[in-house]
């Protein structure tokens, strides 16, 4: 399975949220978010015909509850804080 980046939203230089093509449109991450940052939008990339998006990034507190709620093997939504991005993707040297 190919993991494509669907959306990347940067709040600050050191804080970003990435949405991957493995999103199945289940809404678990949306329901888990304590600050209502996420919402579902129509899409043809999954069977549920919807994927998550991040319209209110400025309200993200970096709690990563959306990651914990994601049922896919390859987390469809990831929150990166600081230098965490390269390390967590196995790309740091």
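Heads up, the Cβ atoms here are built off N, Cα and C, so glycines get one too.
On a predicted model such as this, the values are computed, not experimentally measured, just so you know.
So that you can see what the record holds, here are the features copied from Swiss-Prot:
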| type | residues | note |
| --- | --- | --- |
| BINDING | 23, 26, 29, 70 | [4Fe-4S] cluster 1 binding site |
| BINDING | 33, 60, 63, 66 | [4Fe-4S] cluster 2 binding site |
| DOMAIN | 13-43 | domain '4Fe-4S ferredoxin-type 1' |
| DOMAIN | 50-80 | domain '4Fe-4S ferredoxin-type 2' |
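A C-beta separation below 8 Å, combined with a sequence spacing of at least six in one chain, links residue 26 ([4Fe-4S] cluster 1 binding site) to 48, 71. Those same-chain residues not listed among 23, 26, 29, 70 yet with C-beta within 8 angstroms of the centroid of the [4Fe-4S] cluster 1 site C-beta atoms are 24, 25, 27, 28, 30, 52, 66, 69, 71, 72, 76, 77. Compute the center of the Cβ atoms of 33, 60, 63, 66, which mark the site for [4Fe-4S] cluster 2; besides them, the chain residues with Cβ within 8 Å of that center are 29, 32, 34, 35, 37, 38, 61, 62, 64, 65, 79. Taking Cβ-Cβ distances under 8 Å and a sequence gap of 6 or more within the same chain, the neighbours of residue 70 ([4Fe-4S] cluster 1 binding site) are 28, 29, 76, 77. For residue 66 ([4Fe-4S] cluster 2 binding site), the Cβ neighbour count at a 10 Å cut-off comes to 26, with all displayed protein chains included. Ranked by how many other Cβ atoms sit within 10 Å of their Cβ, the binding-site residues 23, 29, 33, 60, 63 place 63 at the bottom. Residue counts for the domain '4Fe-4S ferredoxin-type 1' (13-43) by DSSP state, with H, G and I taken as helix and E and B as strand, are 5 helix, 10 strand, 16 coil.
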